[in-house]
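Data block below; observations after.
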Amino acid sequence: LGLFSGTCFIVGTIIGSGIFISPKSVLSNMEAVGPCLIIWTMCGVLATLGALCFAELGTMITKSGGEYPYLMEAFGPIPAYLFSWSSLFVIKPSSFAIICLSFSEYVCAPFYPGCNPPQVVVKFLAAAVILLISTVNALSVRLGSYVQNVFTATKMVIVVIIIISGLVLLAQGNTKNFENSFEGASLSMGSISLALYNGLWAYDGWNQLNYITEELRNPSRNLPLAIVIGISLVTGCYILMNVSYFTVMTATELLHSQAVAVTFGDRVLYPASWIVPLFVAFSTIGAANGSCFTAGRLVFVAGREGHMLKVLSYISVKHLTPAPAIIFHSMIAIIYIIPGDINSLVNYFSFAAWLFYGLTITGLIVMRFTRKELKRPIKVPIFIPILVTLLSVFLVLAPIISKPAWEYLYCVLFMLSGLVFYFLFVHYKFGWAQKISKPLTMYLQMLMEVVPPEEAPE
């Protein structure tokens with residue numbers, strides 16, 4: 001891949017369902033149009049700096065597994081295990097739940113014009129989508145990848161439609177909502193951090209860009225360039241989409257809209273406004289399918305490494321898919337849907353994600369001194385990881401200090417509970433713990449008709 005292809009990959013990886021969910025939440029925290037657009041720019045800068053740090057880590061430590069091998073090299077097994085545990089129980093399932101709830105809200109919105117859809121309907125539909133996507137991925141790897149390919153292109157179509165429509169309206173003089181755009185802004189540390197949480201949700205995926213290192217020509221030059229150009233293009237798209245929304249909606253109207261893009265479509269594209277919820281639904285389905293596909297593999301690897309029940313690493317005899325891992329992931333996601341809404345789940349997800357992003361990039365700083373012998377094809381200036389680490393600390397602590405909420409406590413408890421499992425089943429492997437896990441593994445193996453993969457260690 002050359003620079004152009006690498007840039008396109010980065011744009012396609014990052015742009016997803018987040019831009020249809022986050023604008024309302026960013027605005028609700030900032031309470032004014034001007035600061036809202038600044039937050040979107042700040043998110044782009046932070047994602048770029050973080051991606052550059054991960055590019056150095058990915059070219060220095062070439063093992064797969066996301067942050068896990070980086071934390072293992074920098075800090076040892078316990079932080080690495082806690083990342084694996086948190087990904088299984090917090091980060092991946094909550095992300096899956098958020099995307100499916102977003103799909104449900106956009107699908108329900110046209111059927112309840114002028115009011116919000118009942119939460120029971122939204123949550124039942126979201127749970128049904130989780131079950132459908134999980135079933136598709138559990139039945140066939142090929143079918144899951146086909147669904148992904150079909151729906152990936154649709155998200156770019158709706159982004160282009162919204163941006164072009166908004167620019168046309170702006171050129172016609174629809175600038176009233178940009179007058180006094182900083183009036184009434186909320187600029188507390190808590191508001192800024194929660195706005196960044198929601199904005200950064202739309203940039204999620206920036207930490208996976210070093211996966212294309214092996215496919216790039218001259219990666220030490222092209223990967224940093226592709227990251228800077230690609231995330232700059234994404235930031236431009238996101239700012240233009242927000243500008244498009246504000247050309248037809250006041251801040252108050254946007255905050256009262258259940259599905260922002262649907263409201264935009266009703267006002268701009270009528271009588272063809274139905275294409276907006278349709279294409280947004282396609283986009284969210286593609287994102288949800290991708291989330292299920294990758295998270296299922298993460299659970300599978302954790303089971304294979306002995307970090308979870310062995311049965312989670314087993315393969316379906318009939319379909320040759322990691323069915324137990326996919327079923328486990330979908331069950332956790334459905335549990336999150338029952339009490340949660342999109343906003344609280346984004347805060348819950350972001351708190352955990354940025355805790356580990358910050359810890360991983362701190363590991364990069366530590367390894368500059370402890371692992372000097374490692375080759376670094378890409379080496380970022382030291383001030384970049386230091387800055388990203390400080391911003392991560394701010395993102396983790398500011399919401400707790402200024403706007404404490406139960407979801408942060410639940411998140412910490414979930415993560416720390418992993419230590420109990422680690423010492424009982426992984427580190428010390430107490431005999432009584434093995435006596436519990438072995439019969440359970442055997443029963444589930446027979447129930448689901450699954451077997452260990454050939455490469456699994458004995």
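Heads up, the Cβ atoms here are built off N, Cα and C, so glycines get one too.
The transmembrane segment annotation in TrEMBL covers 37-59 (among others).
The feature transmembrane segment is assigned by TrEMBL to 80-104 (among others).
Summarising the annotation, TrEMBL assigns transmembrane segment to 124-144 (among others).
Taken from TrEMBL, the feature transmembrane segment applies to 156-173 (among others).
Among the features that TrEMBL reports, transmembrane segment is placed at 185-203 (among others).
Within the same chain, residues 3, 6-11, 14-15, 19, 23, 37, 40-41, 43-45, 47-48, 51-52, 55, 59, 159, 162-163, 166-167, 202-203, 206, 209-210, 212-213, 216, 378, 380 sit at least 6 positions outside the transmembrane segment (223-241) and bring their C-beta atoms closer than 8 Å to a C-beta of that stretch. Annotation source TrEMBL lists transmembrane segment at 223-241 (among others).
The feature transmembrane segment is assigned by TrEMBL to 274-300 (among others).
Under the heading transmembrane segment, TrEMBL lists 320-339 (among others).
Annotation source TrEMBL lists transmembrane segment at 351-370 (among others). Note on the transmembrane segment (351-370): residues 50, 53-54, 56-57, 60, 67, 70-71, 73-75, 79, 83, 86, 90-91, 94, 197, 200, 204, 207, 382, 385-386, 388-389, 392-393, 395-396, 399, 407-408, 411, 415 of its chain, located 6 or more positions outside it, place their CB under 8 angstroms from a CB of the stretch.
The feature transmembrane segment is assigned by TrEMBL to 382-401 (among others).
Per TrEMBL, transmembrane segment is recorded for 407-428 (among others).
Long-range contacts of the transmembrane segment (185-203) within the same chain, counting only residues at least 6 positions beyond its ends with a Cβ under 8 Å from a Cβ of the stretch, are 14, 16, 18-19, 21-22, 25-26, 29-32, 34-36, 39-40, 42-44, 46-47, 98, 231, 234, 238, 343, 346-347, 349-351, 354, 394-395, 398-399, 401-403.
Sequence-distant contacts of the transmembrane segment (382-401), counting only residues of its own chain at least 6 positions beyond either end whose CB sits under 8 Å from a CB of the stretch, comprise 46, 49-50, 52-53, 189-190, 192-194, 196-197, 200, 347, 350-351, 354-355, 357-359, 361-362, 364-365, 368, 408. Beyond the ends of the transmembrane segment (124-144), by six or more residues, the same chain brings 96-97, 100-101, 103-104, 107-108, 285, 288-289, 292-293, 296, 316, 319-321, 323, 326-327, 329-330, 333-334, 337 to within a C-beta distance below 8 angstroms of the stretch.
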